[in-house]
Every structure is written in structure tokens, then in C-alpha cells.
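So that you can see what the record holds, here are the features copied from Swiss-Prot:
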ACT_SITE  S145  active site, charge relay system
ACT_SITE  D221  active site, charge relay system
ACT_SITE  H254  active site, charge relay system
Amino acid sequence: MELIEKHASFGGWQNVYRHYSQSLKCEMNVGVYLPPKAENEKLPVLYWLSGLTCNEQNFITKSGMQRYAAEHNIIVVAPDTSPRGSHVADADRYDLGQGAGFYLNATQAPWNEHYKMYDYIRNELPNLVMHHFPATARKSISGHSMGGLGALVLALRNPDEYASVSAFSPIVSPSQVPWGQQAFAAYLGENKDAWLDYDPVSLISQGQRVAEIMVDQGLSDDFYAEQLRTSNLEKICQEMNIKTLIRYHEGYDHSYYFVSSFIGEHIAYHANKLNMR
């Protein structure tokens with residue numbers, strides 16, 4: 001991994017690395033925050049998945065998470081949201097193509113050559129992190145919007161691999177809303193059964209489980225009613241007896257002003273779960 005940025009932050013280092021991804025067949029950037037204790041010991045890892053139009057920079061520059069990661073001794077890994085490059089398929093819209101990988105494995109041309117974000121996040125990136133950084137095998141996952149969707153899907157499909165999962169403003173029923181329907185049709189084809197593998201509410205209804213889900217949702221979020229539908233997740237978790245910590249916040253929108261307001265509580269939540277044995 002090639003170091004391309006290095007910034008001192010809260011006694012640790014906010015770095016950005018570039019590497020070639022075998023899963024995605026392109027160069028990828030990834031933000032890695034190493035707290036002070038990483039100098040002398042191995043630490044657990046929180047993976048953060050960002051939303052539509054984002055890259056590795058949004059979370060590391062806007063959330064203020066470094067303060068809390070340093071306090072709780074957690075390495076934070078923030079990858080890009082899709083494969084990148086002039087040779088990678090793209091679309092002339094913000095919600096499909098580069099910047100909109102949806103954390104799935106595409107099966108349809110032209111997307112299936114590079115868009116394997118599920119494999120990248122689940123397998124390739126953790127292996128790189130374990131090899132290059134002082135990381136233990138303990139990991140949790142979180143994200144925002146499209147990234148919240150990705151975090152929920154990865155945790156629900158691999159409950160033994162993640163100590164905890166949380167999300168800000170996640171797309172919880174992508175097969176039922178425009179963002180998800182458009183992306184899934186392009187990436188996965190018209191067989192809607194294939195879509196359900198990447199739909200958190202559907203996965204839970206089929207019996208997939210995690211111990212607990214934490215979600216924060218702003219009630220002034222312009223996308224809440226049409227695209228996010230947090231109440232669908234709350235309802236299915238109640239029906240399936242999955243413990244939740246779902247909080248609704250008056251006045252908060254879909255932006256990083258919202259994420260930065262509550263990221264400290266999410267990191268504390270994950271720290272507690274990561275330190276349990």
C-alpha cells in the first residue's frame with residue numbers, strides 16, 4: 001500500500017493509502033486512522049462505508065471521528081464507494097456507476113468486470129488491513145445512507161465476522177425505493193430475487209440476524225420518506241425479535257452535520273462491543 005497523505009490528528013495519524021485491488025481491478029484509495037496506541041499494540045477496526053457521490057475523503061475530513069477513535073483506541077478504515085478509473089464503467093448520473101457502487105457484486109455487463117464492492121469490503125480490504133497495520137481480527141462496521149445499507153447487508157450476511165453494526169440514515173429497503181431499484185436493475189438485472197440478497201429488511205425477514213442494530217435518522221432528511229424508510233427496519237426487527245437502538249432526531253438532515261453530531265456515540269457503541277469477549 002502506498003502512503004499518499006499523512007496528517008497528525010488527536011495524537012495519532014490520519015493517513016490515506018493507494019493500492020491495486022484484485023477484486024475491483026483498479027487502483028483504490030482508502031483512509032486509515034491510526035490512534036496513538038497503534039504505535040505499541042494491535043487494535044480493533046471499525047470499517048466505515050460512505051454514501052452516494054462520496055469517496056474516502058468525506059468521512060475522514062467532515063465527521064470529526066478521529067477524536068473519538070483516539071479516545072476509544074480503534075483503527076478506522078474508510079474506503080472509497082466504488083471502483084475508479086477511466087477504464088471502469090460509469091454513468092452520467094450521481095446514483096449509478098463511479099461513486100455509487102452500492103457495496104454489492106454486480107452480475108450484469110458492463111458493471112460486473114469491476115463492481116465487486118461486496119467482496120472488496122468483506123474479504124480483500126480486511127486482509128490488507130491485517131497485513132499492513134497493527135490490527136486485531138476484531139472488527140465492526142458502520143456507514144451513512146448507501147453506506148449504511150452496505151454495513152447492514154455485510155453484518156446481516158456475515159454476523160460472525162462483525163462485533164457490531166450501526167448506520168446513519170441507511171437505505172433499509174432498497175428493493176422498494178428508487179435509488180435501490182435503479183441500481184439493482186443495472187448491477188444485478190431484472191430478476192428481483194437477486195436484489196433481496198442486498199436488502200436489509202428482506203434479509204431479516206428471511207431469518208438473517210445480528211445481536212443488535214444501532215441507527216440514527218434525521219427527521220428533516222429530504223430522503224427519509226421516499227428513499228430511506230427507517231421505520232421498515234424498525235418494524236421487521238420488532239417482528240423478528242432483533243434488538244435495536246433506533247433514534248430519530250428532530251431538525252437533522254442527511255448531511256455530515258448530522259453524522260458529526262452523533263459519530264462519537266457510534267464509536268463508543270462499537271468500542272464497547274469490540275472490547276467484549
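Even glycines carry a Cβ here, placed using N, Cα and C.
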- request: For D221 (active site, charge relay system), write down the residues of its own chain that are at least 6 apart in sequence and whose Cβ falls under 8 Å from its Cβ; none is a fine answer.
  value: S169, L228, Y252, D253, H254, F258
Statement: Excluding its own, the Cβ atoms lying within 10 Å of the Cβ of H254 (active site, charge relay system) add up to 21
Statement: For S145 (active site, charge relay system), the number of neighbouring Cβ atoms whose distance to its own Cβ is within 10 Å equals 25
